[in-house]
Number of protein chains: 2
Amino acid sequence: MFRLIKQEGCARRGEFTTVHGTIQTPVFMNVGTSAAIKGGVSSLDLKNELKTQVELCNTYHLHVRPGDEVVYKMGGLHKFMNWDKPILTDSGGFQVFSLAKLRRIKEEGVYFNSHVDGRKIFMGPEESMQIQSHLASTIAMAFDECVENPAEYNYSRKSCERTTRWLKRCIAEMKRLNSLEDTINKDQLLFAINQGCTYDDLRIEHMKVIREEEYCAGFAIGGLAVGEPTDVMYHVIEQVEPFMPKDKPRYLMGVGTPSNIIEAVARGIDFFDCVMPSRNARHGTMFTWNGIVHIANRRFETDSRPVDPQCDCPCCRNFTRAYVRHLFKSEEQLGGRLAVMHNLYFYNTLTERIREALDEGRFAEFRAEYSAKLAQRLPDEL
Amino acid sequence: MFRLIKQEGCARRGEFTTVHGTIQTPVFMNVGTSAAIKGGVSSLDLKNELKTQVELCNTYHLHVRPGDEVVYKMGGLHKFMNWDKPILTDSGGFQVFSLAKLRRIKEEGVYFNSHVDGRKIFMGPEESMQIQSHLASTIAMAFDECVENPAEYNYSRKSCERTTRWLKRCIAEMKRLNSLEDTINKDQLLFAINQGCTYDDLRIEHMKVIREEEYCAGFAIGGLAVGEPTDVMYHVIEQVEPFMPKDKPRYLMGVGTPSNIIEAVARGIDFFDCVMPSRNARHGTMFTWNGIVHIANRRFETDSRPVDPQCDCPCCRNFTRAYVRHLFKSEEQLGGRLAVMHNLYFYNTLTERIREALDEGRFAEFRAEYSAKLAQRLPDEL
């Protein structure tokens with residue numbers, strides 16, 4: 001299912017075949033939280049304009065609204081959004097721990113109140129699998145506890161152990177669901193999630209335990225990019241990576257900046273997702289091959305160049321910096337849409353260029369050229 | 001320049017040739033107030049997906065932000081928005097009278113404060129022409145006073161006389177501007193505006209006076225659709241129309257519902273514009289060939305049909321009622337974008353079907369079938 005095509009150091013060029021098509025890795029998944037990309041971007045834009053390979057949707061949000069029963073009745077997320085390529089759904093765990101109110105964590109799962117209407121909800125491993133089965137995503141994520149950072153060592157250890165027990169329940173439940181007649185996607189895949197906060201021994205021990213679960217089609221590193229320094233994040237990846245199966249994809253959840261992605265690829269990661277390109281875009285922060293641009297800046301008032309002259313996205317092919325700036329200053333939604341499209345195209349092109357570099361054995365060179373550059377603010381003269 | 005192709009009663013099928021292309025009439029112009037359609041719709045969408053013939057932009061808004069000097073430096077509105085078909089700009093008058101604060105009307109023009117930053121602005125006929133020349137629209141509108149409704153008879157009469165004097169100054173100024181070397185569009189056209197509130201004699205007298213201005217390429221009826229009953233609006237059109245030149249297009253400003261458009265075509269109108277399709281769309285009110293739909297309604301929760309099964313717009317071709325409803329309930333901007341595209345497509349198709357009916361001599365039949373139907377709420381079973 002996962003084919004490792006090439007390696008350069010720890011960096012991996014691969015492809016992952018699913019029932020909804022083959023994913024070329026490294027890949028950046030585009031986040032459509034509530035079955036829609038923020039900023040008015042549709043699945044047609046993703047497909048026709050933005051080179052998106054995988055759309056990521058949020059189990060918690062869709063369970064709350066419109067309800068996974070509704071999505072199930074509509075034939076699953078693919079039909080609902082009109083998207084025929086792979087979809088990854090998260091487990092709901094992260095949102096339960098970051099958004100929901102009044103939560104109580106028990107062995108059976110988590111009791112919490114909806115952030116929308118306060119309604120009481122229970123979600124455990126079985127419920128998460130059932131919801132994701134209703135959503136009929138290509139890849140489902142195991143239900144885990146994402147502990148706060150920093151967290152006490154002892155709490156983190158106990159939480160890891162519970163996450164392991166929950167993983168086993170997720171596997172059992174998904175096996176059952178995938179065998180049912182009226183399940184939409186009987187080929188739904190499960191990725192397990194490594195936890196352990198920033199404690200090397202917990203991270204490694206947890207990874208060693210969960211990698212034994214042969215049923216899992218991939219392994220994610222969760223609980224990072226939650227406020228810890230970047231160096232700490234890289235350190236954790238370096239600690240865990242040697243213990244991750246070579247023959248399955250690795251997914252670094254919720255990461256990150258273009259530079260983070262290049263650095264994590266260099267450390268052996270294959271899958272990424274992050275709200276950064278769409279969230280930043282909506283505030284006028286745009287990524288270019290020469291660094292970061294704040295497009296609402298006065299200096300772009302009569303700038304007739306595209307946001308990024310090197311970019312072929314729908315925004316850069318058709319509109320000037322001056323126009324995009326005007327849209328942001330006038331609070332026209334079109335500004336956000338163009339910027340979101342640009343940033344998603346940038347991220348999708350970034351991973352495409354990483355793949356090309358890996359194919360051609362020059363990833364180290366690519367990394368040296370771009371890892372720092374992409375994090376800088378666009379110099380005035382560019 | 002305007003060619004009358006066919007008539008059926010007062011209804012006219014024509015075409016109006018401009019330096020930016022030929023406009024088939026009757027036509028509905030799509031409103032892009034600040035050089036952008038609300039709801040994240042770009043000029044590319046208008047051109048490639050929505051069958052838009054003319055985009056309308058607002059002189060007042062663009063003067064305030066980004067400033068007409070900026071648009072001029074960027075090569076005019078066509079280049080700024082990346083739109084190569086006709087553009088009509090209003091005169092700024094209507095917004096000065098409806099949006100601006102602390103306005104004082106003098107013979108020379110209007111002193112007012114910007115609604116954005118309170119900055120003092122003066123706009124008279126010459127300033128309006130200069131701004132519109134900077135914007136380089138295809139068709140500029142004369143600077144008029146749009147009196148409130150109801151208005152005193154005597155005030156309305158004096159206002160009409162001033163609007164006539166302002167028209168003469170607009171003509172003189174546009175002639176001068178179109179002769180300048182550095183004017184972007186030296187073929188800019190001027191439409192005059194008929195006023196007179198709801199007083200038949202003032203309306204008719206004013207029309208008789210302004211039609212003598214041969215320089216004007218078209219004539220508009222202004223000051224309607226500002227709160228008066230629909231019957232009063234139709235009555236005013238019927239009074240004024242016999243005195244409008246037959247060989248020039250007639251534009252009913254700011255109108256209206258699909259039914260209003262059919263009825264106004266039946267009374268001899270050729271050009272329309274209205275924010276209704278985009279504004280209503282953003283609140284989930286969508287027009288269909290069977291009547292009006294409030295798409296956020298609970299009854300569409302699992303409705304797998306397109307919003308309008310008879311419609312070929314990007315929304316109806318690709319998404320279900322259930323999905324569009326979900327987007328509105330989740331406050332996803334994509335909902336607004338799809339609904340705006342649908343409604344603009346509906347209005348543009350409505351005028352297209354009116355033209356076809358006129359071409360085939362069956363406009364009376366079309367009017368009988370649709371004028372009332374399009375104003376009704378969509379019956380439950382459709």
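Cβ coordinates come from backbone N, Cα and C, glycine included.
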TrEMBL annotation (region 'RNA binding') - matching range among B:114-120, B:254-260, B:303-309: B:254-260
Which of B:Asp144, B:Asp270, B:Asp273 belongs with B:Asp90, B:Ser91, B:Gly92, B:Gly93, B:Phe94, B:Gln195, B:Gly223 in the substrate site listed by TrEMBL: B:Asp144
Binding-site annotation, TrEMBL, Zn(2+): partner of B:Cys311, B:Cys313, B:Cys316 in B:His235, B:His283, B:His342: B:His342
Pairwise CA distance, B:Cys313 (Zn(2+) binding site) versus B:Ser91 (substrate binding site), rounded so that it is a whole Å: 32
Where B:Asp273 (active site, nucleophile) falls in three-state DSSP terms: strand
Additional residues surrounding Zn(2+), by Cβ distance to the B:Cys311, B:Cys313, B:Cys316, B:His342 centre under 8 Å: B:Pro306, B:Val307, B:Asp308, B:Asp312, B:Pro314, B:Cys315, B:Arg317, B:Met341, B:Tyr345, B:Phe346
Cα separation, B:Asp273 (active site, nucleophile) to B:Gly93 (substrate binding site) (Å, whole number): 16
Assigned conformation of B:Cys313 (Zn(2+) binding site) - DSSP reduced to three states: coil
Those binding-site residues listed as B:Gly93, B:Gly223, and which of them has the most Cβ atoms within 10 Å of its own Cβ: B:Gly223
Sorted by sequence, non-B:Asp90, B:Ser91, B:Gly92, B:Gly93, B:Phe94, B:Asp144, B:Gln195, B:Gly223 residues with Cβ within 8 Å of centre, substrate: B:Val96, B:Phe97, B:Met141, B:Ala142, B:Phe143, B:Glu145, B:Cys146, B:Ile193, B:Gly222, B:Met253
Subset of recorded positions B:Asp90, B:Gly93, B:Phe94, B:Gly223, B:Asp273 within reach of chain A (CB-CB under 8 A): none
Cα distance (Å, whole number) from B:Cys316 (Zn(2+) binding site) to B:Gly92 (substrate binding site): 35
Which of B:Cys311, B:Cys313, B:Cys316, all binding-site residues, has a Cβ with the fewest other Cβ atoms inside 10 Å: B:Cys311
